[in-house]
Amino acid sequence: METENPADVAHLQGGGGPRAGFCDLSDDPSSHSSAFSECNSDRSGEFASASPQARRRLLVACTSDRADDSFISQLVSDLGSCSIEEQRLAAMEIRLLAKNKADNRLRIAQAGAIKPLVSIISSSSDPLLQEDGVTAILNLSLCDENKEAIAASGAVKPLVRALKVGTPTSKENAACALFRLSQLEENKAVIGRSGAIPPLVGLLECGGARGKKDAATALYSLCSLRENKVRAVQAGLMRPLVELMADLDSSMVDKAAFVAHLLVTGLEEARAAVVEEGGVPVLVEIVEVGSRRQKEISVAILLQLCEDSVVYRTMVSREGAIPPLVALSQTSTSRAKQKGELQK
């Protein structure tokens, strides 16, 4: 029967005690948030399908500092028009008025725009109208005062629908809007129970560069809730995370690693999924050649794997993790000592 080398066990458990010598990610929450791009207001900005007259109106909306109250009321009324063209123009103008002006976001919501926009997202068969509705809701959700009203209007399920069947832009902006709504803690369970996790995993796996970033940001926020962690693992999230971490030339390594670390913390199913998806050699490679932050996140994941499992400790050791872990622990300890000297 194979036995463990005590020195190896010490390093795999964090040196002279759990996490000793290594960066404790929980001590620096800013390092988590800085890894994720903000889900901002819409970034498409072009309306090629609009008529010349409509484009002139949209240009006015783009340059308006503060929309007239009567104009906003008319736009809200037009959202309920029988004409798809009028609905699209109203949704696009609301989308633009809410894009950069915080005051407009609140006034548009107070004028009653949220419910008809949600109705458009929920029931429209026109993909471009749905896209404008989703993006208008996203832009309105940038105002903290609007988040509760958007959630209360029943927006979550229509946004999940757009995430499943919408245009690429609709999917990206629906992910951003769900992220914004998830910033209210009580919405995280609602979003997870509404089926958002599987299509977010799909967007992370198959979306474009922006879609992947938006999906990772939304998943990171939602998976702070344990029941959503379980949903994410069951939806197969670990596979695209490992694949993204393996691509060291991409901009997604940090984001994927932070989501993976969140999942494996306190969830045995997630730790098993990392191993099953071939994550151990990927994490060891990152410890060897990744950036400092990437190395520290990877070490934190490996420590979670090894803490209570002889099998995983043996597996990590066989992958050649001990030498880079020793080197990193020495560097981290030296850096901590230097930081301490500066603080004296």
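The backbone N, Cα and C atoms fix where each Cβ goes, glycine too.
As written in TrEMBL, here are the features:
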type	residues	note
REGION	1-47	region 'Disordered'
DOMAIN	76-334	domain 'U-box'
REPEAT	112-155	repeat 'ARM'
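When Cβ-Cβ distances below 8 Å are used as the criterion, the repeat 'ARM' (112-155) is approached by residues 39-42, 44, 49, 72, 75-76, 79-80, 84, 87-88, 91-92, 94-95, 98-99, 102, 105-106, 161-162, 166-167, 169-170, 173-174, 176-177, 180-181, 183-184, 187, 190 of the same chain, each at least six residues removed from its ends. Secondary structure of the repeat 'ARM' (112-155) per DSSP (helix as H, G, I; strand as E, B; remaining residues coil): 34 helix, 0 strand, 10 coil. Taking the repeat 'ARM' (112-155) as a whole, pLDDT averages 96 in the prediction.
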